[in-house]
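Quick look at what Swiss-Prot annotates:
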BINDING   13-19, 41-43, Arg306, 332-334, 415-417  GTP binding site
ACT_SITE  Asp14  active site, proton acceptor
BINDING   Asp14, Glu15, Gly16, Lys17, Asn39, Ala40, Gly41, His42, Thr130, Arg144, Gln225, Thr240, Arg304  IMP binding site
BINDING   Asp14, Gly41  Mg(2+) binding site
ACT_SITE  His42  active site, proton donor
BINDING   Ala300, Thr301, Thr302, Gly303, Arg304, Ser305, Arg306  substrate binding site
Amino acid sequence: MGKNVVILGTQWGDEGKGKVVDLLTEDVAAVVRFQGGHNAGHTLVIDGKKTVLHLIPSGILREGVQCIIGNGVVLSPAALKAEVLELLEQGVPAVDRLKISAACPLILPYHIAIDQARELARGEKKIGTTGRGIGPAYEDKVARRAIRVGDLLDSERFASKLKEVLEYYNFVLTQYHKVEPISFDEVYTAGLEMAEFLRPMVADTITLLHDLRKAGANIMFEGAQGSLLDVDHGTYPYVTSSNTTAGGAPAGTGFGPLYLDYVLGITKAYTTRVGSGPFPTELFDEDGERLGRRGHEFGATTGRSRRCGWFDSVALRHAVQINSVSGICLTKLDVLDGSSVIKVCVSYADENGNPVAGSLVDSEGYEKARPVYVELPGWTESTVGAENFEALPKNAQDYIRFLEEQVGVPVDIISTGPDRNETIVIRDPFKQ
């Protein structure tokens, strides 16, 4: 009987999901994206060669693995085409391996224009969006005016819907934001060309998934961003526009929740965040600079440097609860090599030193939180390439055990380097 596993980030994204997904695709028949868009960045390093994907599931490099983009993803046709062509140049048969739901809302030029105009208007209160139209595309979905992949394949339906939605967007762009309108002819012509490119990849993804399930195949659901960026459960409003938590997998694919067997939470051995928003354990000293330098903390999508801080057990406990995390994959443990002291946030206090209890539901709560730390001894030995848990330095083992106690779930996988063979698999989610 097959296993159906959700893999997602438990922090603010950039946890190293791409490498872990690629490692575990050895055992799967399909990898499925269920939310987000091309604002995600998945970096894969195989035999020293780096491939960065933003939209296509990380399993695309694996022969025999079907990659599926589910209905919960907002799809930029231009971004998808660029990725597919790059993969084809590398000899990867991306068109054959990729299937796309006809129900995916499209990201079109007016979404990008409104996204960038709004962020500019916010000034110092900007949210930190990538400016790629993700949020506005999700707005259209909820407002029931989205143009979806299936609409694009019908030229008359596409023209009718595009005319209607452009009237709305061009009014807002010109009258409120005082920027140039978007040309109907340009969007329509480009859309028709893109329709023919997409057509071979569009499929009934719900039936495809359930056929795989009935056949006893292993299926992986690949999350984008991180749990603390979830539109409902993250540091609102400094969040993304989709449900990045495990509940997004059933909704974003049409795969019933009771068919899911395991949730793997990808977690850095420290904490990072890109862009604006609260970050209780953020460091502004040499320790923070060292983590960023050793961890090469620059966003795969934006190139922006990431803010760095110590491990936050409080935020992790929250992520474990809202995702029903079965086990953790701890990444970038090697970045802590050479640290004399490592701090772990075990609780929050307010400005007066009083304990903060319960779950925080917005950015105001997180901004008032002050981290309460426990100091643990570091290690001087290298963890890179360690082949099993016992081969890790004693203090590294103790650090991992402490984190397990704090968050209440086991560390099932440990990443000690960027290459997929630099990984300790204690318990494989697909073989339990």
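Heads up, the Cβ atoms here are built off N, Cα and C, so glycines get one too.
Small disclaimer: the values here were computed from a predicted structure and weren't measured.
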For IMP, whose listed binding residues are Asp14, Glu15, Gly16, Lys17, Asn39, Ala40, Gly41, His42, Thr130, Arg144, Gln225, Thr240, Arg304, the greatest C-alpha pairwise distance in Å: 34
Among Lys19, His42, Arg304, Arg306 [recorded positions], residue with fewest other Cβ within 10 Å: Arg304
CB contacts for Gly16 (GTP binding site) [other CB atoms within 10 A, all chains]: 21
Mapped DSSP class for Leu333 (GTP binding site), helix or strand or coil: helix
Whole-number Å value for how far Ser305 (substrate binding site) lies from Lys19 (GTP binding site) (Cα to Cα): 20
Between Asn39 (IMP binding site) and Gly16 (GTP binding site): CA-CA distance (Å): 15
Recorded positions near His42 (active site, proton donor) (Cα-Cα within 10 Å), from Asp14, Gly303, Arg304, Leu333, Thr416: Asp14
DSSP state at Gln225 (IMP binding site), helix/strand/coil: coil
Nearest-integer angstrom distance between the alpha carbons (Cα) of Leu333 (GTP binding site) and Arg306 (substrate binding site): 17
Listed binding-site residues (Gly41, Gly303), ranked by Cβ neighbours within 10 Å, top entry: Gly41
Of Asn39, Thr43, Thr130, Ser305, Thr416 (the binding-site residues), the residue whose Cβ has the fewest other Cβ atoms within 10 Å: Ser305
Rounded inter-Cα distance in Å - Arg304 (IMP binding site), Gly13 (GTP binding site): 13
Assigned conformation of Lys19 (GTP binding site) - DSSP reduced to three states: helix
Integer Å distance between the CA atoms belonging to Gly303 (substrate binding site) and Gly41 (IMP binding site): 10
